[in-house]
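Worksheet: one structure, shown below.
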């Protein structure tokens with residue numbers, strides 16, 4: 001692999017863009033989730049005894065000194081983070097280590113007070129990727145310019161290790177958990193309707209033949225388990241490129257069928273670690289001229305290239321062998337179908353994990369050592385003693401930090417299903433426990449849930465004025481009305497719908513957030529109602545809150561036009577499963593008891609807003625955003641960024657077209673050769689003193705000739 005200047009910039013740009021989406025998505029939902037009238041008011045989490053700012057886990061302690069309410073502290077955190085991230089997206093000099101440190105600090109502050117709403121896998125992944133961005137980004141704000149550093153490949157290697165852990169653990173968890181849907185290869189058909197936010201395209205993909213969906217499940221398992229093992233750390237550049245395009249194709253399929261989530265954006269951003277500068281410059285490099293021939297390669301170089309080609313072909317054949325052998329792929333030429341089934345048991349897969357657990361770690365150690373040693377040799381070859389010493393000091397610091405991050409990541413990596421943490425050194429486990437609250441590294445794949453073949457479980461809330469006539473409260477971002485088109489959510493992450501989706505799969509009805517949700521809906525708080533429906537016309541209790549409320553559990557399935565001929569206009573068909581939460585009202589003793597157990601019983605009223613300038617500015621911004629859905633706000637923000645980049649590209653193209661044409665390469669070489677030729681002629685024509693006089697006299701005679709005078 002060559003240099004990584006361009007992939008590094010793409011990685012930093014992608015992380016900044018993900019921060020923009022994350023902060024903007026949380027900002028829209030703060031009043032309904034954490035406001036004074038929200039589901040889990042953040043003011044109830046304020047510590048009774050104020051501690052020093054450096055000892056606090058969030059920025060809530062800054063509220064009294066700034067004259068801000070706890071909710072406004074969260075809003076200010078999101079707005080500052082969004083502004084910094086936007087600057088990093090638009091301006092390359094601001095993709096600096098200090099900027100990314102501030103972004104991660106702000107997001108960690110939100111994570112520490114966010115509770116269940118912010119403890120998702122993509123939040124943990126963003127915090128770890130944000131830490132790597134701090135190490136990868138240059139520290140150039142304190143200097144006039146930031147140049148390429150020899151230790152950049154060392155820090156950038158950590159992003160490839162994180163991408164490997166994320167991809168490999170996600171694939172392994174599907175089989176290590178013993179999910180029968182993945183062992184019988186029917187998981188993809190169920191996943192299309194069971195995922196958090198399916199798109200309309202998911203309905204059409206669900207109608208594909210069963211044999212094709214089963215083959216799709218095989219492709220997913222191969223792409224997440226076998227392909228990372230044999231390509232991510234391969235010494236051959238083309239294998240890394242193959243792994244990159246496989247993962248890019250997989251993430252695009254996830255986005256098209258399940259909306260664009262932060263997890264997909266982060267996965268694509270991390271996949272840039274498999275690229276190098278040569279891949280970006282291959283299409284823009286100048287073409288060789290007809291007369292210019294390639295330099296002949298030595299026998300050793302030719303032999304090495306042929307050996308690498310053979311190894312590359314062997315890897316492709318190995319992947320194809322795994323396809324055919326592990327999943328018994330057989331083509332039925334008469335019916336034009338492809339049959340597939342797993343050719344291994346769960347016990348055999350656990351034996352595979354025991355072997356490859358240590359092997360993947362040692363492969364990572366060897367790959368990291370190669371990058372570190374190569375970077376050190378480049379530092380040693382630097383000209384000048386001072387520059388060499390400074391480069392070696394930087395290399396030592398970054399390498400030590402990278403070794404620490406890599407060692408810490410081994411602990412959560414070995415905690416996934418089927419692996420043993422006992423093999424990790426006790427000192428490393430102790431260090432991980434000491435810094436666990438800072439979310440430096442995360443565990444991925446451990447939240448895998450069994451893919452249900454009974455359909456998609458959904459919690460449906462119903463309200464009533466008299467306890468006899470019930471009306472459903474259909475949310476914006478998840479299935480409710482069977483005739484409603486699956487929504488396009490985009491990069492927005494609806495936190496309430498995400499928890500309701502998880503609660504429906506787990507069957508937990510005693511969570512504090514669910515109790516707080518019922519209370520606020522019975523009170524008719526508009527901040528919480530806007531989480532379900534922004535359009536008042538779509539919410540049946542916009543004029544008056546319900547007196548009674550209950551929750552039912554339904555199983556949803558995509559409709560099949562061939563079978564469900566009575567549901568031709570419907571996207572879903574549903575079946576009642578059971579009661580999820582009994583009928584309650586505001587005076588219900590059970591509801592009051594659950595609120596008191598959850599710590600949501602308000603013992604003191606909310607403090608009125610202050611007249612501080614910062615508080616008034618935050619209120620003004622909130623008034624302008626009120627009434628907008630999260631998906632609309634983020635799509636508008638992304639469209640604005642795209643427009644700015646488009647205008648910038650047009651201006652650069654127009655201004656670039658007015659610039660004088662650069663001299664051609666031949667003209668430059670001819671120009672550079674002219675002085676050398678004149679010097680050679682003058683040196684060749686420099687004879688002895690006698691000859692010199694003779695030549696000079698001849699030159700004078702020529703000047704006096706009539707032809708010359710004319």
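Just so it is clear, glycine is given a Cβ too, placed from its N, Cα and C backbone atoms.
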Ask   = Of 35-53, 54-72, 73-91, which span is tagged transmembrane segment by TrEMBL?
value = 73-91
Note = Of the ranges 392-413, 414-435, 436-457, the one TrEMBL annotates as transmembrane segment is 392-413
Ask   = If you check TrEMBL, which stretch out of 164-191, 248-275 is marked transmembrane segment?
value = 248-275
Ask   = In TrEMBL, which of 607-658, 659-710 is labelled region 'Disordered'?
value = 659-710
Task = Identify the transmembrane segment range according to TrEMBL, selecting from 303-327, 328-352.
result = 303-327
Within-chain partners of the transmembrane segment (359-386) [C-beta distance under 8 Å, separation at least 6 from its ends] = 150-154, 157, 161, 164, 168, 229, 233, 392, 394-395, 399, 402-403, 406, 410, 413
Task = Using Cβ atoms only, state whether the transmembrane segment (211-236) and the transmembrane segment (248-275) have three or more pairs under 8 Å that are 6 or more apart in sequence.
result = yes
Request  = Check the transmembrane segment (73-91) against each of 124-142, 303-327, 632-655 and return whichever range has the most CB pairs under 8 Å.
outcome  = 632-655
Remark   = Per the Cβ under 8 Å criterion, with at least 6 residues separating them from its ends, the transmembrane segment (124-142) contacts 8, 11-12, 15, 18-19, 22, 93-101, 103-104, 107-108, 111, 149, 152, 155-156, 158-159, 162, 166, 262-263, 266, 269-270, 398, 401-402, 405, 439-444
Ask   = Is the number of Cβ-Cβ pairs under 8 Å between the transmembrane segment (632-655) and the transmembrane segment (98-118) three or more, considering only pairs separated by 6 or more positions?
value = no
Message = With Cβ-Cβ distances below 8 Å as the criterion, list the same-chain residues six or more beyond the ends of the transmembrane segment (303-327) that contact it, or say none.
response = 185, 218, 221-222, 226-227, 230-231, 234, 236, 238-239, 242, 297, 340-344
